[in-house]
2 protein chains.
Amino acid sequence: MGSATIFFWLQLPNVTKNYRTALTITGIVTLIATYHYIRIFNSWSEAFTVASKDGGDYTVQLTGAPFNDGYRYVDWLLTVPLLLIELILVMKLPQADTVSLSWKLGVASALMVALGYPGEIQEDLSVRWFWWCLSMIPFFYVVFTLAVGLAEATSKQPSPAAASLASAARYLTVLSWCTYPFVYMVKSVGLAGPAATMYEQVGYSLADVLAKAVFGVLIWALAAEKSAVEESGKLLPN
Amino acid sequence: MGSATIFFWLQLPNVTKNYRTALTITGIVTLIATYHYIRIFNSWSEAFTVASKDGGDYTVQLTGAPFNDGYRYVDWLLTVPLLLIELILVMKLPQADTVSLSWKLGVASALMVALGYPGEIQEDLSVRWFWWCLSMIPFFYVVFTLAVGLAEATSKQPSPAAASLASAARYLTVLSWCTYPFVYMVKSVGLAGPAATMYEQVGYSLADVLAKAVFGVLIWALAAEKSAVEESGKLLPN
C-alpha cells in the first residue's frame, strides 16, 4: 500500500493537470490504508503470542489484549468515499455531474461502512444479519450506479485504450466490493474461533489490496493514457 | 536497499520521461525489500538471545518466539514480478509486447514464489523437494524467456553501450536468480540446525542485494544511457 502511494505521487508530473487531483487522491487512499494496516499489525501482534516450548511445535495463545477490528472500519469510512471520488474525477465528466456524483456516492458509501460496523462487533448472529442487510442497501445503490450510471461515461472516453481501462476500473470496483459482504458473512454463518478470524482478516486484506492498490494502478493507467491522448492533440482538453 | 531507493528516485529528473516509470519501480522494489529486511531483523532479534555468563564465551539461545521466514516470501511475491516489469519497461518494446511480457513473466514469477513457500516451511525432506521441483517449472520458464526472448530486444538497443548494459542486466538476473534454488537446497540435503539456518539467511540476503540493488543500478545506467542517446537526437523518442 505504501509503495503504491509513492508510485502514484511520483507519477504526478507524468500526467496532465486534468488528472493530478485524481492521482493525488489515489495515493492518499493507499497512504491512509498503510497507516491503518500498521495499527492492525500492531494490534494483532499484541493480541496473540506465538511460542514454542522446548523447540517443539508452535502454539498461539491469547494475551488478553483485544484485537481491534475498528481500524478497518475507520479506514473504510475515509477511503471508500475517496476511492469513488478518484474514479469519478478520472472520468472527467462535466463539472456539475462530478460534484453531484461525488456527493451521492461519497455519502452512500460512508453510510454503507457505518451501518456495517455495529454488526461486525456483534456475536449475536441475528443482529449481525440485521446490520448486514441495512448496509447492503447503500451497497447496492453504489454498485448499481457504478455498473450502469458510469457506463455512458466510459463509452465517451477519448480512445479505445482509455475506454477499456475505464471499463476495467469500473468492473474491478464492482468485483472487489462484492468480496466484502461475503467475508463479513464468514462469522454470520456461525463460523467462530481462530480459523474464522483468520479467514476474515485474510479476505478483507486481499479485497483491500484489489480495491485500493490494484484499482489505483488502473486509475493511473487511465490518467496516463488520457494525458497522452490530450498531449498528442487528438483531443483538446475541455 | 534503502539507500538504493533514494538514489534511484533522486535520479528521476536525469532520465527522459520514457524511463521514469521503470526507475520509479526500481526504487519501489528496494523500498519493499528495506521494509521486509527491517521486519526480518526484528524477528531474528526476538527469536534468539545472545549472552555470555561470567564474561566468557557468548552462547545463542532460542527465546521460544519463532523466526518468521514468511517475510522473505511476501517480499519476493511483490518484488520479483516488479523486478521483471522494470526490466521489460527499460527495454522500451512496442506497447503490446510490453503488456503481454509483463503479464506472462509477472504471473509466472509470482507462481514460482508461491510454490516455493510450502516447501520452505517443511522439515520433511521429500516434501521440500516436491515443492522445489514444482517451483522450478515457472522458474525455468522465466529464465528461458529472459535469456532467449529478450535477446532480440537487446540487439535493438539504440547504442552499443545500451546494448551491453541491457545484456548485463539480463545475465545478472539469470545469475542471481540461479542462486536461490541452491540456497533453498541447503536444508533439503539434510543440513539442519543453526548452521543451516545461518547459511540460508546469508545466501538469500546476498542474492537479494544482487537481484535488487545491483540489478537496479544496471537498470538506472541503461535508462541514463538511452536518455542521453535520445536527447542527443541520434534516435527520436517514439
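Positions of Cβ are set from backbone N, Cα and C atoms, glycine also.
Pulled from TrEMBL, these are the features on record:
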TRANSMEM  B:21-38  transmembrane segment
TRANSMEM  B:73-91  transmembrane segment
TRANSMEM  B:129-150  transmembrane segment
TRANSMEM  B:162-183  transmembrane segment
TRANSMEM  B:203-224  transmembrane segment
Segment-segment contact (the transmembrane segment (B:203-224); the transmembrane segment (B:73-91)) at 3 or more Cβ pairs under 8 Å: yes
Tertiary contacts of the transmembrane segment (B:129-150), as residues 6+ beyond its ends and Cβ separation under 8 Å: 84, 87, 91, 101, 104-105, 108-109, 111-113, 115-120, 122, 166, 170-171, 173-174, 177-178, 181, 184-185, 188
Long-range environment of the transmembrane segment (B:162-183) - Cβ separation under 8 angstroms, sequence gap at least 6: 83-84, 87, 90-91, 132, 135-136, 139, 142-143, 146-147, 150-151, 153-155, 199-200, 203-204, 206-207, 210-211, 214-215, 218-219, 221-222, 225-226, 229
Long-range Cβ neighbours of the transmembrane segment (B:73-91) (under 8 Å; 6 or more residues past either end): 19, 21-23, 25-26, 28-29, 32-33, 36, 98, 101-102, 105-107, 109-110, 112-114, 116-117, 120, 142, 146, 150, 153-154, 157, 166, 169-170, 173, 211-212, 215-216, 219, 222-223, 226
